[in-house]
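So the structure is just underneath, and the comments pick up after that.
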């Protein structure tokens, strides 16, 4: 239910006291839309959406065709929130216009209308259709005649049987307005049965008519005739704003007519217009008023032309140009609410209040859609709606009118407790209580009423203004506010202070890059006030944090000096010191000129280029307040290491010259140029690079270097060289001319190598004598001509591979894993080349296909084979080799590796020391059957300080060592066999002996230390050492 005017007044007071609108009327979030339901569908539900926000939360009711829907009686209706659900709707009962009403304590709003319509499609009448007989070349129209229906339809035709559908082209056309099939010119292939297929766009139901037979007459072929337009649009066709306008046009004729479109007034077709179905359909999406007008369809063939005309008219439902907005007004005020909508025809307006037609009276008037209400009262508050309508539709705009009535209240806008002003200024004291209607205000200073005079004036909003303030004006000012609903007051204390003045201001300065300066800013201010210093640089706050390495603000309460260290060019500009207090602000500015090395030159261009020169020009960059004295040109190529200084003419470029010729360039190389300016402060930043340019081609001037050769296979002469770098090739088509001749012969043999990257040439001929000297030289050429040859070098032809196998080859076993193979050197003549060495190939039975190899250099006549398996027969053969290849293998020799040495180490190693002599003994090592017999033992010993290792051999199980008493020693023992040394005993550590030990010991047993008594840590160290 709606509130009474007394309750509305109370709400107004609550709203004023709360400082914000706690309550508001309903506002639609979603509104219902038109719906189309299929007739007879089972378990069908139609939902009309309606949702509004408001405080209190709105409740909802609905109307059908202007009458309330009683949800208690009408059981097939239900509410889901604000949505209306229609269960199993019936056409006779539920079709019509629906509206939603949303209501809360502040008012009611009405939604737009939403229509519920029903779609259906009945079957064709089951009667046979007569055959249609036409002559070949004649046009024909096959009628569809859709059955009774409601809702949008689409049409198609079946040819003979499903699913063979008629394909539309320039000769055949199906109208989506009538459903008829049009054939401009019948051909023999068209003979058959045609069935019209009608589909409902809403229900997707499909029905088929009876087949229509199409037959050819036997009385000949139809001759050519001019077009006859059979499908044409109405003389007047209305189109809605934003819709897609669709015009159909199709003609019969022989030959098949061509369809084109135009506007009757000569204007072009709209840019959005599209043609479909071979020009038979013109569509204009997003239709606007400028698209309206007369359109013509032209059908043409070789026999003539025909024209159909019609007019597209524009209409538009109302659409808002100016919506109404919520209004908060005061009792007694006047209100004018403007409401404007567009549309064609022009809309008319009516207003609703709380869902009902607004009753006009003397103080409530309506003019051109605008609502005027004078002398507002609280009873006028509520929800208002402006309705714009024409014959095509309606539009609703909603807003809330709140009428306030309240006593003055300072809680929402309290007066300032303290106001500061400086002597001589003008100060304003605010007094803006919230009140409805506006309160009348008066002022007191202490107990004295304030009156207007030449310096003191009352403001329209209730405030007080005092000009040319003096210290005598200081004190407490109280504002008294009153209206018919009550009164309230508020106070402000005014403090008057002396003005702030700058005593030492920053001055203009001229400095060079790298210097440091201080810009002073010192003030005198009222002792009651605190001041803050702020520096601005070129209009923006100085970046003390961002540029802390350069900028620093220094000073006390009355000073805010700016220190700039290591000044850079970026620090040049205008600096402003702003001093701010609670009542005033003063500032002072200074310009800082920074002189530095020049900025980069601009517009570097290459104006003329030859094979070795380039004319470069540029424009002057910023001189950074120091005149430019010189320029330097730098060049870069794909082959250079960065930018390099370029030779120029003139050699020294003064600061007033902006062009130079770069010389000594390489032909056919891509160059970039840049320019660096300098002044008395140094060189500046380089310019941006010029565009890449390529020097012109020229004959090559540099021959290849490092011409040499030799090696290769029999009957070959190998010639090698270092290829000429690309930057020295001077042009396209670069290659090499290789010339050679036997030493002592005057005639050169020449050949051409076309690849610029080629590093060698091989000449093959059976007549080449092995290891014969040749004179060789290599020249260069390109498309521009030939260049110079390299100096003549002497190169030997390929050597002849050895022909004799090494003799006296012998192999004998060294240990269980080594065999030594030796041989006699092969006879060799220097004239045959250089012998490089020997290759030993060795294998065991079963490894013949993958033997292992060892190579030794020439002069060596033995090779040791390592990593062999024990007690195994190995076969070996030797051959010599040189750069031409390898010679024949020697006869195969055999040797058997020894058995492996014993895996058992000497055990129970003990020692006894007397003076400098140390006696050692150990247990005998007994070899297993598959191990080599023990032939003796080796005693290894060294000082504890990691000195050199010494060895003592013996065939006993004991040994005597003479060791100085001043050193400690580490000793271990190995068994020796033909298969090598056996496993090592555990290292024994003999400590350093004292002098008394050296003179002897009463008991030899006391100085005997079995290995088993050594600490585990010592054993671990011993293993690590050995």
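Easy rule for this one: first residue shown is 1, then count along the chain.
Just so you know, glycine gets a Cβ as well, placed from its N, Cα and C.
Where the annotation comes from TrEMBL, it is an automatic prediction and has not been curated.
Of the given residue ranges 624-653, 654-683, 684-713, TrEMBL assigns the label region 'Disordered' to 684-713. For the region 'Disordered' (684-713), same-chain residues at least 6 beyond its ends with a Cβ under 8 Å from one of its own Cβ atoms are 596-602, 604-606, 609-612, 614, 616, 618, 621, 624, 634, 636, 643, 665-678, 719-724, 728-732, 734, 736, 760, 762, 776-791, 793, 795-799, 883-885. Against the domain 'Ig-like' (227-313), stretch 122-209 has more CB pairs under 8 A than any other of 26-117, 122-209, 805-903. Counted with DSSP, the domain 'Fibronectin type-III' (905-997) comes out as 3 helix, 48 strand, 42 coil.
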